[in-house]
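Quick notes on the structure that follows.
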Amino acid sequence: LTGVLDDCLCDIESIDDFNTFKIFPKIQKLQERDYFRYYKVNLKRPCPFWADDGHCSIKDCHVEPCPESKIPVGIKAGSSNKYSKAANNSKELEDCEQANKLGAINSTLSNQSKEAFIDWARYDDSQDHFCELDDERSPDAQYVDLLLNPERYTGYKGPSAWRVWNSIYEENCFKPRSVYRPLNPLAPSRGGDDGESFYTWLEGLCLEKRVFYKLISGLHASINLHLCANYLLEETWGKPRWGPNVKEFTRRFDHIETKGEGPRRLKNLYFLYLIELRALSKVAPYFERSVVDLYTGNGHEDAESKALLLDIFRDTKSFHMHFDEKSMFAGDKKGAKSLKEEFRLHFKNISRIMDCVGCDKCRLWGKLQTQGLGTALKILFSEKEIQSLPENSPSKGFQLTRQEIVALVNAFGRLSTSIKELQNFKVLLQQTR
């Protein structure tokens, strides 16, 4: 892959260098910190679109939830010591409960800031969400240690997996009804289709709808890359060996084997990277405020985590070929508003489809990466609200829950890893030729 990406003025080589030398080492370190490694997720939500066809019984599909005792006190303080003062005041207790229900209480913030939340806890920002969020108060929601449950090949495939991706592409990617071929990039093509002719429909779409398809395709490509890079190569005497599988990578991305589509998928991965990179640079003012701590209860670690995050933000701002999101939804106000709403509802639908994934580990990472992208979109469409944030108090106009922050950072970390793995596969392919 070389050259400039479509729909933006950035070239692949610049992204490779920027990711390898600036972003990747730092984002890896950040993902290892307590604030970002524990993600609360409900893996038992039923599929809202079709009867569940049973969960994957392969052992590598299993997700090991984290015992409460291992969760840092500041993270699990969701209800117990959110407000040290208010918790002892029965009049304010109702306000606390209300705030909790709306997901507005934000454990990113330090203790002295939390009382301020009561004033605006009733503000419901669900209109800004691009994702169907898990109810963290559900008894089925559990903390998962992401470092102990890495994303990798589990053996989950076949009709159940196909159904999920086909539903995503067929029903949510603005595909015209006249295009009959399944949009799942791994679906077999019909007849002599060379792969390229299939994409003529995409070029006829407006920029926003093209972007939407590329984001989903890029996410799919990234997930496939993780599976190829962390593949179960052999299991002898109960000791599994994981590593890159060049044959699998070729099957999914090679120009000839995919009839020209593989390189397109990888270009969409780079496009998605640019979108999430742009979101990180845009959300920096939210975190630069002194009122925001990455609160786990360990003051020293929290300060280090915030310093590292701000360092990454400085890097994202220094990148000189950002995607210009102002070119999106820039038409007449009424048309732009309805298109943005359509965009949001389609993406929300995709986040609900993630509850139909039969493999728990795939569901975990699918939900996290979808929520991360949804959070990035929420940021890109909230620029004015972010710019007008008050320095020393929470804002009604824009807020992020801890779940959104964890998803945003880990989803971008996955994309950064994908691009790094792509460099490794280039080397491995050269060695096998």
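The backbone N, Cα and C atoms fix where each Cβ goes, glycine too.
According to TrEMBL, the disulfide bond annotation covers CYS56-CYS61, CYS96-CYS131, CYS359-CYS362. The FAD binding site annotation in TrEMBL covers ARG152, THR154, TRP165, SER217, HIS220, ARG252. The active site, nucleophile annotation in TrEMBL covers CYS359. Look at TrEMBL and you will find CYS362 tagged as active site.
Considering only the recorded positions CYS61, THR154, SER217, HIS220, ARG252, the residue whose Cα is spatially closest to the Cα of CYS359 (disulfide bond) is CYS61. Counting every protein chain shown, 21 other Cβ atoms lie within 10 Å of the Cβ of HIS220 (FAD binding site). Note on the disulfide-bonded residues CYS61, CYS359, CYS362: the fewest other CB atoms within 10 A surround the CB of CYS61. Its Cβ placed at the centre, ARG252 (FAD binding site) has 22 other Cβ atoms within 10 Å. Ranked by how many other Cβ atoms sit within 10 Å of their Cβ, the binding-site residues THR154, SER217 place THR154 at the bottom.
Put simply, the two farthest-apart Cα atoms among ARG152, THR154, TRP165, SER217, HIS220, ARG252, the recorded binders of FAD, are 21 Å from each other.
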